[in-house]
Ligand SMILES: Nc1ncnc2c1ncn2[C@@H]1O[C@H](COP(=O)(O)OP(=O)(O)OP(=O)(O)O)[C@@H](O)[C@H]1O
């Protein structure tokens with residue numbers, strides 16, 4: 001990066017004489033302007049002026065000399081990768097276009113543009129260390145509007161037909177010219193053709209002062225790109241060659257109408273140029289008004305930016321132009337105060353860089369294959385992954401703290417192992433967090449134990465359930481037998497012959513249907529029934545109940561035998577009582593009556609016994625039912641108050657929730673609005689952290705979904 005002042009040169013287009021004088025070895029232009037009495041007697045106007053330049057070229061100076069002194073150093077710095085600008089400033093017809101583009105009459109009148117192009121291409125042909133490409137753009141700014149002079153579809157008929165160029169500014173405040181074409185020029189001839197095309201398209205208008213005066217600013221830009229063969233570094237530089245519109249004041253042109261408007265715009269844009277230059281020359285100014293005009297926006301880099309800029313001030317050394325000449329020289333002095341910072345425009349070519357890196361990767365892969373003796377694909381094969389899993393397991397199981405996991409010099413394998421270890425670590429943290437949050441959560445060993453216990457309990461439950469079914473059937477049979485007996489008893493009591501007062505109270509001996517009715521109302525769900533069976537098995541009253549059941553069974557059997565005996569006695573009495581007297585011989589009649597009496601007594605006694613037994617059976621049944629109800633009640637109490645801590649249920653419950661969190665996050669108990677669903681299973685870790693504030697009720701609900709009806 002180098003800091004340098006803008007360099008102003010002066011070119012005088014006619015013989016220097018009269019009020020003009022060149023002093024100090026040709027670097028200083030002096031003016032002596034005698035006071036005009038017409039301006040009044042009191043006149044403080046200065047009479048002499050002196051302006052210093054890098055060099056003054058008089059009317060005899062050749063185009064070649066000007067190019068060598070002014071343009072060549074700039075062209076060299078552009079070739080080295082720095083931006084450059086040469087702009088010509090001066091009043092109309094002072095020789096700006098002649099300096100920048102050249103005269104059309106003689107080949108030697110060629111201006112800076114064709115000579116620079118020629119110089120650049122000549123350099124390209126001589127320099128084999130670099131490969132260069134040139135692109136050219138040619139912009140005309142007329143009345144603050146930009147036009148592309150290199151549009152090949154248009155000839156210079158009307159300026160409005162040319163493509164309009166507009167300014168765009170990116171977030172980094174870089175200026176982009178929309179619609180300005182960039183034409184590649186492979187050689188000097190192509191470049192000169194483009195210059196010719198642009199010049200043809202230029203707007204030419206006539207003013208009283210100059211028959212062919214340009215009324216617009218023109219910027220011919222050479223975009224240069226240089227690269228050393230094989231290198232990814234590009235040097236991109238720009239050279240602006242600027243031919244500004246005439247700087248004379250509107251009043252002097254004598255123009256009216258359209259030309260007045262043009263002059264107004266020209267003066268305005270030059271005024272803005274001057275403002276920019278004044279702002280740049282004042283160190284304290286932080287804001288530079290580049291945006292005021294299109295020209296200052298385009299030349300932003302050339303003025304106070306990354307550019308080596310040279311100004312050529314052109315004056316017409318005639319007495320009548322002395323004011324304009326002084327004005328031009330003053331402007332040049334201000335420009336001389338501006339400091340630019342130019343730096344090398346080097347950048348990396350991304351495409352080339354990628355290609356080079358790819359080649360390097362390929363080479364390194366080849367080298368690696370040679371060293372390891374194996375070709376590597378991008379991904380690990382399933383066999384390799386399996387082998388790594390085994391190696392990792394051996395490594396983790398090894399209690400030796402200095403154990404090594406050697407997977408060889410293969411980044412894919414190393415990355416895979418790290419990834420697996422990370423997963424394990426996450427799982428470990430997940431478990432630790434969950435266990436911290438819920439100390440009752442079983443460890444994997446405990447889970448295994450509980451699972452075994454669960455299987456055992458399941459077996460027990462199924463045995464008990466089948467036992468219960470059998471028992472139920474037996475009770476039903478007994479109840480139906482007792483029902484029959486009761487029916488028989490009713491039948492008996494209705495028999496007129498054998499009516500007995502003691503038998504009349506038998507209607508009250510039936511509280512059983514009521515108990516059975518109550519029992520029906522206590523039906524449990526299947527799962528709860530199973531839990532009840534387990535509870536019942538361990539209950540302290542169970543033995544007494546079993547004893548009572550056995551006794552009841554015995555009494556049923558005895559009652560059945562007695563019933564048969566009673567029936568047989570009753571039948572005998574009926575048969576004997578019905579015999580006609582003639583069929584019974586006298587001596588036998590007495591014996592028969594005694595027998596009938598005996599059978600009657602027998603019947604009466606047996607029936608009395610049966611009645612007593614029936615009462616005992618009913619009492620036994622009542623007792624049994626009471627004991628069962630007590631047991632049922634105990635179960636209900638236990639279920640309501642203690643089931644939460646039951647040994648089998650609780651671990652199962654937590655195990656269920658653990659399962660839910662890790663493997664079943666879509667369980668419907670998560671579907672409350674506050675619970676966000678998460679993908680299974682990786683989200684389980686976080687989910688448990690956030691969600692473990694579940695109530696027992698909700699936990700129950702979760703577990704219930706897993707094992708419906710068994711414990712809940
Ligand atoms: N040094 C010179 N030697 C010979 N002829 C010159 C020289 N300078 C200018 N002229 C001639 O003077 C005339 C006007 O010059 P030129 O067109 O370059 O002026 P200009 O400053 O570009 O005017 P404008 O502001 O209108 O564009 C041209 O015909 C040109 O050939």
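Using N, Cα and C of the backbone, Cβ positions are placed for all residues, glycine too.
Remember, TrEMBL labels are computer predictions, not curated facts.
It should be emphasised that the depicted structure is a prediction, and the values quoted were computed from it without experimental measurement.
If you look up TrEMBL, you'll see 90, 91, 92, 93, 94, 95, 96, 97 marked as ATP binding site. Around the Cβ of residue 91 (ATP binding site), a 10 Å sphere holds 24 further Cβ atoms from the protein chains shown.
Summarising the annotation, TrEMBL assigns compositional bias 'Polar residues' to 479-500.
Taken from TrEMBL, the feature domain 'Kinesin motor' covers 1-338. This prediction places the mean pLDDT of the domain 'Kinesin motor' (1-338) at 82.
As annotated by TrEMBL, region 'Disordered' applies to 479-510.
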Cβ within 8 Å of the mean position of the Cβ atoms of 90, 91, 92, 93, 94, 95, 96, 97: remaining residues of the chain near ATP: 13, 88, 98, 246, 314, 316
Those binding-site residues listed as 90, 95, and which of them has the most Cβ atoms within 10 Å of its own Cβ: 90
For the binding-site residues 92, 94, 97, the one whose C-beta sees the most other C-beta atoms within 10 angstroms: 94
Mapped DSSP class for residue 91 (ATP binding site), helix or strand or coil: coil
Among 93, 96, the one of these binding-site residues whose Cβ has the fewest neighbouring Cβ atoms within 10 Å: 93
